Each structure stands twice: as C-alpha cells, then as structure tokens.
Amino acid sequence: MPKRTDLKTILIIGAGPIVIGQACEFDYSGAQACKALRDEGYRVVLVNSNPATIMTDPNMADAVYIEPINWQTVEKIIAKEKPDALLPTMGGQTALNCALDLADHGVLEKYNVELIGAKREAIRMAEDRELFRVAMGEIGLDCPRAEVAHTLEEALDIQTRVGYPTIIRPSFTLGGSGGGIAYNREELIDIVGRGLELSPTTEVLVEESVLGWKEFEMEVVRDTADNCIIVCAIENLDPMGVHTGDSITVAPAQTLTDKEYQRLRDASIAVLRKIGVDTGGSNVQFGISPTTGRVVVIEMNPRVSRSSALASKATGFPIAKVAAKLAVGYTLDELKNEITGGLTPASFEPSIDYVVTKIPRFAFEKFPQADARLTTQMKSVGEVMAMGRTFQESLQKALRGLETGKIGLDPTGLDLGSEDDMAALKRELKAPGPERLFYVGDAFRAGMSVADVYALSFIDPWFLDQIEELISLEQQLADDGMAALDAPRLRLLKRAGFSDARLAELIGTNEEAVRTLRRALKVRPVYKRVDSCAAEFATSTAYLYSTYEDECEALPSNRDKIMILGGGPNRIGQGIEFDYCCVHAALALRDDGFETIMVNCNPETVSTDYDTSDRLYFEPLTLEDVLEIVELEQPKGVIVQYGGQTPLKLARALEANGVPVIGTSPDSIDLAEDRERFQQLVDKLGLKQPPNRIARNADEALVLAREIGYPLVVRPSYVLGGRAMEIVYGESDLARYVRDAVKVSNDSPVLLDRFLDNAVEVDVDIIADKDGNVLIGGVMEHIEEAGVHSGDSSCSLPPYSLSAETQAELRRQVVMLAEGLNVVGLMNTQFAVQVNDAGDDIVYLLEVNPRASRTVPFVSKATGMPLAKIAARCMAGKTLAEQGATKEIVPDYYSVKEAIFPFAKFQGVDPILGPEMRSTGEVMGVGRSFGAAFARAQEAGGIKAPPLGKAFVSVRDPDKQRVLPVAQALVERGFTLVATRGTGAWLQQHGLSCEIVNKVAEGRPHIVDSIKNGEIVYIVNTTEGRAAISDSFSIRREALQHRVTYSTTVAGAKALVHSLEFRGTGPVWSLQELHKELEA
C-alpha cells in the first residue's frame, strides 16, 4: 500500500559515538533514512550525540539534536518536537535500547508516539535470549542448547548440562560485549561475572559450544504485505567462535549446496515472520555442523546492522533507504531500484557476478596488554572490503587495502625449518588471532596439506584450497624469476589478485619495474559496474571495481573532474571524522559543477555510498590502484588532504607520477612533517617550540636527552594518532624506549621534545585560499593537560579559561604559519600555553598538520561553518571572499567535545591517558556555560555522575597544590575524602579532613579492596613515571570494572566536579536554533 499520510513528524535515534561493535555503518544507515523520509515529505527530527557524523549535519533533518541518547533527554525532545512516530532501527543497539526504555517508562504512550520499523514485542523477542530460543522452538528451528542465568550459581548449574567449552552471551549488549568462551570453571566465573555486570537486564545465556562450525548470515528485507527478499547471503571464512564482526566474510556464500541455501533462505524468512519484523531489514545468523549438517539459528538483529551496511555495498541494494520507506507503509514492489535507474522494482532480489571479501582491521598495537585472541566479543575497530571476479582476487585486494603494511599473503617471518616456530605456527592456526590468514599461508609454504590445516583451523577446505593455490603460484614465480613474466602469465597472476608490489618482492625487483613491464605488455585492469542484477539490465550508476578481463564498463566522461581519496579502513587515530570531510568535499564540488570521483575501500562509510559522488571506485588506496584510475579518468585535480594519513602517504609518489595534487603542495606537507625543515621555518617566523632534538641511534638519544632535561616526549617521525609515543621521566625509561621502539621507524630517527608540565593545550583549525587569505574556523582549549593526545582530550569551543590576549597571540601565529607553509585548504595547529614564573602566558608551537584534522566536524557543528566544504572550494580555486566566508564565528554558547574509549572491551589494559591515542569516537555537549556544556558531554559519553559518598584522591607531588580546590569543592558538595598517606597528609595540613587508606603495595585492606566493596564513588588519581603508573594500575582497572567514575588528570577532575550541579538540567536546543542565533 502507498505511504501513510497520518504521520507528519518522524523521530530517528542515531547510534551515538563510535565504539567497537558500532561504527560508522550507522551514520550511513541513518543518513540514508533521513534522506529517504524527507524525500517522501515527512518532517524528520534526529537525535545523535556524535558530531562527527553526516546525519547530524543541519541540512540532513528538519531538527537535529546533538544531545545524549538516554530516555530522559529524548523525552525532552519528544515533548518539544511532538513527533508522531519513532524509527528506532537505524541507530544500532543504542537506539533499540533507548526506544525500549522510552516505551517502558511510558514516554511513548504519554506523548502518543508510535514505534515504526520494529514493534516493541519484536525487539524484545529478538534481543531477549530466552524469548528468542522459545520462539525458534515453536517454529521448529534448532538453536544451540542453552539456558538463561541471572546469577553465577545458576550459570554454574547450567554449565553441567551443556559441557565445556561453554559460550556466554549477555542480553542487550553490543558487539558481544561481556561475552566469551570458557574452557574451565575459573574462566566461566570470570566471564559470567563480567557479563552480568554489563547486561542491562543482568542476564546471560549459557550455551553449548558450536566452535568450528561454519557460520552464515542472511540479510533479509520484509514488508507489510509479507513480501520477503534475501538481499545477500554472507559466509564467514572464520568458523563459529569468532564474532562475525571480527571474521573475514565473503559474499555471496561460496560453499553452500543449492539445497542448503534454500534451507537457510526458508528458515530466515520464517524467523522474520515469527519475530514480527514486518517493515525493514534484519540479519539472521546460522551455524552449520560440517560433520552432521545440523543447522542452528545463532541470533537475529531486528534492525539495520554492520552486516546490512556490508550487504548494501556488496550488492548496490540500499537496505537502510528501503527499510525507512517500508516503515512508513510502502511495499517492496512499489519501490524502484535506483541503481538500475528504476528499471527493476525493489522486490527484485539482487544477484551478483563478482565476489566480495571483507577483512576486519584491528588495533592491538595500541593495547599491548590486551588479549589478541578472537572470541565471541568483538575487538576489531574497522574493516575493508574488496571486489573481484574470483575469491582469490577479492581476497588479495582486501589484504592490500587493510594498510597494515601487508601487500598480499606476506610470510609471517617465522623460520619454517625450526621446530619451535612450527609449534608456534600450529598454535596460531588453532587459536584465531588477527593474523591467522598469514599463518595459513605459511602453513602451505611449510608443506602442510589442506587436511592438516583444516584439522587445526576448521576453515572450510574450499577456502584453504584457494589459498594453497595462491601460495603455489607465488612459489613457482619465485623459482622462475622475472624473465618468465610474459603477458599470459602476468595476466593470470593479476587475475588472482597479486599486487605489483608483491610480484616485485617475489622476483627480487621493485614495484616500478613491474609496473613498467606490465604496461609494456599491455596488461591493464578494466572496471566493471555494481548493478545488483549481474549485468541483466544496463545501469546508469557509476559504481565500479577493477578486474583483469577484456571489456571495460567505466565509460569515463570528458567533464571537469576532481578525485577525492578516502581514508580506507577505520582505525584508532583515523576514523569517521576524515570520512566526514571527504563526503563534504564531494558534495560541495558536485554543487560547483565538477564531476566528483571517490576512491575508497571502507564499506561502513557514507563516502562509499553510490550517490555521494558522481563516480565511486571501490578500490584499495595503494599507489598502483590509484594510478590506474587516474590514468583512465584524467581528473583535473586530486585531493589527498582529507582522508587522514592514508592518501597523504601517497602524495609524493602521486606527484612524481604526474598526478595533479590540488590544495597544499606535497612539498609543504613534507615541510610540516620533516622536523629539521620545519625547525628552520619556525626560527624564521620567530616562533617558540619546546626544546627538542633528533636522535638517530640509542646512544645519541641518551646524550641529547641530558641537554634538554627530563621529562621528555619521545616519538618516531611521521605517525598518526601518536603511535609509539611516550612520556619518559628518566634515563632508564628512555633506554628501554629506544631499545623497544626504534624498530618502529623505517630508517627514520626518533624525536625528543621537552615535555611541558601543567601546560594548557590548544587546537586551532583554519582555512587558507590561493591568495593567502586565512579564515579561523575555531580555537579549542583542551581540558586535559598537554601530554594527553589531542584526540583523547576533551576540548571546549570557545576557550573557557584563556585570556583574550593569549587567544589573539594564537591567532596571529596561526596566520603566519599558514602563509609560511603556503597552505591552500585546511590546516590544524596545536599549541601549548604555559605560565612562566612572572605569571605570563608563554605560547609554544607543538605541531602543524596541513590537512583536515579530526576536529573539523566538531568545529563545523559548533560554529555552523561547513569548514570541509569551504576548504574544498578553496582547493578547487575559489577564494574565501567569493564564498562569503571571511570572518571567524565565535558562539556565545559553549560546545564541549569528549572522547570515548574502548577500555571495557580489553581486559588488562590500563585506562590512563597519555600521548598515544586510544579513543575510538567522540560526543558533543552544548550549554550556556562551560560547566553546563561539559556536563552534557559527560552525560552523552555515558560517564555517570558520582552519587554522594567517599571520593578517593591520590595525586603525584607536582599536582598536590592544584588538587586542593578540587578536594575543597568535593567536600562542599557533601562528599567525604579518602586519600593515600602522602596526599592525605597534604590535605589535612590544609584543613581538609580525610580518611587514610593503604596503597596496594602497603598491605590490606587497601584502596582496591574498598573499590571492590563498593565503598568508593569517585576517584582522582594522577601518576608519573612507569613504576608509579604500574603500581596504581589496579585502581583504575577496578574502577572501570565496577563502573566507578574516575579522572586521571587534575584538570579533568576539576571540570567534572564543577559540572556536577548542571547534570540532567537545562533545555534541549537543535543545531538549527543554535545556528540561527549566530546569524543574528
């Protein structure tokens, strides 16, 4: 039936900050839903706390609220905006849980708001493990044997019936949070305890093991008329036991017989009917026993998910857009498939004539203490997808798109002749880790058979055969050498997905030599279109992937084109903020009449949506792949400064190959990154940097360190997200760092900087045009002291404590730097402001990045200035004056950005903040005062306000003076103080009464016992030096485990304590209302 006319306003809840298990795929689905519903004439209200999303742009919905996603705040928005319906299926687990809370607290009933897209009962039945199991039994589908436990005793009792290994899955959590696999009683007690604490309903499912079974997912869409289509069948290369978000997955499914496929198809449709999902997309996961063929249903998600984003990109069928329209009453046969230009209806099941492989990207290098074994709890931070005509081609393209330094199935570096290394290899095959695929390659190099590898890994023999064949192709080529490379052989190897770089490695030459030979032999890729119908109908949509065949379907135009290189897979330090900038560049330049070409390989993002740009190449971001596209399309300009470090690393090589890089020149980018050249510029401009030196070997480092004095910040040059950066407090620390970390630098030296203690860090984003005019986008004052990575620090716009004179000085310096570097486009600068003995502010320049930075979306939302769009137009040749963007906007309200961390996912990782970036996402809070804005941001970040009770204070000596006002404020608020001996004596001397408690090393009962007993409600704990950090580690870890609010910097504690009075108060404002104030 046609769309409903009784609904006028629809509220969409977004997914909040990016966390492990819930990344930018929900920005993609939410943005699509907003577009789809507004196209149908509905008024759309959106709430999402994450400013780095496209969906929170003011033009995406009629009212956009960047507010905390909890039922109390959403109730205020409902009261104000009076929506008729709430669509909760676009914002992942966060939105579903919030919708259930609103229903349970009677808010939906009170304001007469209807849930569309998924009914309350359907969400309940799908999410509640016990209800789901019963429902499956009623329709004759098998689930793994399991029972629900609400206490540890119940869990131990159930275990006796299901046996070890036991799988534990908490209800209503995201990405398998708190779950795991227990092989013995001790592990069971640990995992169940954690699971019960993380589950909002305090229940866990204790389930029989189906480890080693094959895992499949079906993406299903169903409408009110009971039309059902399977958009895509996805097969996990990794067997059951690895969370599907951490598995390598392949579409379409490769190893199902036709009969098995029909069985899964019928079963998944039966599941949707039983659960009652009648308008939209769901994903159903199955396990199949490789020995008996028994099929079990693992779970279903009654919403758009990570897998549906993958299925949408893999097939070209926009699941979220279709699901949004079904939610307002359309049926599938009434909707047109856009990718075929409307030639087919949406009820036409997609069929694909290529293979898609997704490989997850991990960040264990950021969390050395974490357990890198993959289990049922998701640990990856991003993913990459590749398409090819065969599984081998798409697998190898995906491997080089991961950007982990691999260029194919690279050897792991094990000595395959040694017994110890072979034993290690077998362990790696058995216990899955992030590198398992490379160990599979090594197993075949060592002469193991497919049967041997299967017995250890349970990866289906079909996949193992494919990988074995790739290894034998490698070995033959290495034996034959370059002379044997004629056109037929090279074409065969390229069809199997080998990169030029990997071929060069195998025959002992360089990538350029292989490229020259390949071009001479006329072995070039062609581009095929993704059309959702296996080329049955012509498609007008230019959504392309490369392969080595005969017919090219690219058909490039001769319009003026600009190509934007995306950021590749999400990782810590390079996330959705960079994708946001790429999307803005594409939208702005398209409006200006350019044909826009996007190159990217991340399936979760808005940039890889086929209608964000005019042409989309879904390709790895390597020099080889980019050069081939440039050659075919001949763009007027290529933008490399928007995708983070990924495209920047290619800038020099692209320029050397004659590619027109627009914006800031690769030479200026290099000048800003090269320490010695940059030092000269700073001296010439008369600016100050912290005293620094460059050391090229270990001994030199120790000598130079004495010249500067400790503490020092040490790091390798050319890194993003502060990789391998550390603060060292003495010689033994530095010696250890130089011994362990210099391996990081590729023939590049280590940088030593004097660490500025107790300085305030400031970020400034600016745009410069080709005439050298500069627009200041925003000045942000960090809340945590210098020394915490800027991506991990909270910040405030406008600054909340810096004097007007200091701010003017910062602006003056930034303008000089932009001119000195000849910046065209965006530039981000970081300063530290330190008070000298005379009480004056001294400004030190920390670093300059002549590219888009991760603060661009936040600044754009806070000031209403679309910085990435303005800068893209500057790069394409427009001036700031022509765009009417010449004056800085300083709002009279405060916006605070707060970072979100994944520490709860990684047992054993210390949650202390430092110079290495470890946050995965961000939230934003707005208020009339700094305290109010900070309180909103804390609430949005899920950081709970400590209830009255005992506050524990333990700080390093230099912080004792500064912690006094914080301690006083706590006492005035009604908290009682608890402190360790040193800090306690200091507080008592200054007239504050406090209870003294033992440090862990001083014997029991000590502070950690108090935390475990629930006696402590808030913790302020600062430390310096490695020894003190590791002594106090258990305090921070237990705080995290027992959900006690804690601060690891004095400035953070001060802001938190002063913001307590604002918690939960104040009205809600939409961005549209805030930005209107700025125009006045």
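Here the Cβ of each residue, glycine as well, is placed from N, Cα and C on the backbone.
According to Swiss-Prot, the region 'Carboxyphosphate synthetic domain' annotation covers 1-403, on the basis of sequence analysis.
Take the CB of GLU299 (Mn(2+) 1 binding site) and look out to 10 A: across all protein chains shown you find 19 other CB atoms. Look at Swiss-Prot and you will find ARG129, ARG169, GLY175, GLY176, GLU208, VAL210, GLU215, GLY241, VAL242, HIS243, GLN285, GLU299 tagged as ATP 1 binding site.
Residues or ranges marked as domain 'ATP-grasp 1' by Swiss-Prot on the basis of sequence analysis: 133-328.
What Swiss-Prot records for GLN285, GLU299 is Mn(2+) 1 binding site, and it gives sequence analysis as the kind of evidence. DSSP gives GLU299 (Mn(2+) 1 binding site) a strand state.
The Mg(2+) 1 binding site annotation in Swiss-Prot covers GLN285, GLU299, and the record cites sequence analysis as its basis. Under a cutoff of 8 A between CB atoms, and with a sequence separation of 6+ in the same chain, the neighbours of GLN285 (ATP 1 binding site) are GLU215, PHE216, GLU217, THR244, VAL297, ILE298, GLU299, MET300.
Annotation comment: Swiss-Prot describes GLU299, ASN301 as Mn(2+) 2 binding site, evidence class sequence analysis.
Taken from Swiss-Prot, the feature Mg(2+) 2 binding site covers GLU299, ASN301.
Here Swiss-Prot flags 555-942 as region 'Carbamoyl phosphate synthetic domain'.
If you look up Swiss-Prot, you'll see 679-876 marked as domain 'ATP-grasp 2', on the strength of sequence analysis. Averaged across the domain 'ATP-grasp 2' (679-876), the predicted model reaches a pLDDT of 89.
For ARG715, ARG754, LEU756, GLU761, GLY787, VAL788, HIS789, SER790, GLN830, GLU847, the entry in Swiss-Prot reads ATP 2 binding site, with the evidence type sequence analysis. GLU847 (Mn(2+) 3 binding site) falls within a strand segment according to DSSP. Listed in sequence order, ALA672, THR829, GLN830 are the same-chain residues at least 6 apart in sequence whose CB falls under 8 Å from the CB of GLU847 (Mn(2+) 3 binding site).
Here Swiss-Prot flags GLN830, GLU847 as Mn(2+) 3 binding site.
Here Swiss-Prot flags GLN830, GLU847 as Mg(2+) 3 binding site.
Among the features that Swiss-Prot reports, Mn(2+) 4 binding site is placed at GLU847, ASN849, with the record citing sequence analysis.
Sequence annotations record features per position, and here Swiss-Prot assigns Mg(2+) 4 binding site to GLU847, ASN849.
Secondary structure counts, DSSP: the region 'Allosteric domain' (943-1080) has 71 helix, 23 strand, 44 coil. For 943-1080, the entry in Swiss-Prot reads region 'Allosteric domain', with the evidence type sequence analysis.
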Checklist entry - The record names ARG715, ARG754, LEU756, GLU761, GLY787, VAL788, HIS789, SER790, GLN830, GLU847 as the residues that bind ATP 2; what is their largest Cα to Cα distance in Å? => result 18
Item to check | Closest of ASN301, ARG715, LEU756 to ASN849 (Mn(2+) 4 binding site), Cα positions, binding-site residues only | outcome: ARG715
Checklist entry - Between the binding-site residues VAL242, LEU756, where is the Cβ count within 10 Å the lowest? => result LEU756
Item to check | Protein Cβ atoms within 10 Å of ARG129 (ATP 1 binding site), excluding its own | outcome: 24
Checklist entry - By CA distance, which of the binding-site residues (ARG129, GLU208, VAL242, ASN301) lies nearest to LEU756 (ATP 2 binding site)? => result VAL242
Checklist entry - When the Cα of HIS789 (ATP 2 binding site) is compared with the Cα of each of the binding-site residues ARG129, GLU208, VAL242, ASN301, which one is closest? => result VAL242
Checklist entry - Going by C-alpha positions, which of the binding-site residues (ASN301, ARG715, GLY787) is nearest GLU208 (ATP 1 binding site)? => result ASN301
Next on the checklist: Given a 10 Å Cβ-Cβ cut-off, pick out the one of the binding-site residues GLU208, GLU215 that has the most other Cβ atoms nearby.
Outcome noted: GLU215
Checklist entry - Say you check the Cα of GLY787 (ATP 2 binding site) against those of the binding-site residues ARG129, VAL242, ASN301; which is nearest? => result VAL242
Checklist entry - Which of the binding-site residues ARG129, VAL242, ARG715 has its Cα nearest to the Cα of ASN301 (Mn(2+) 2 binding site)? => result ARG129
Item to check | Other C-beta atoms that fall within 10 angstroms of the C-beta of GLN830 (ATP 2 binding site) | outcome: 19
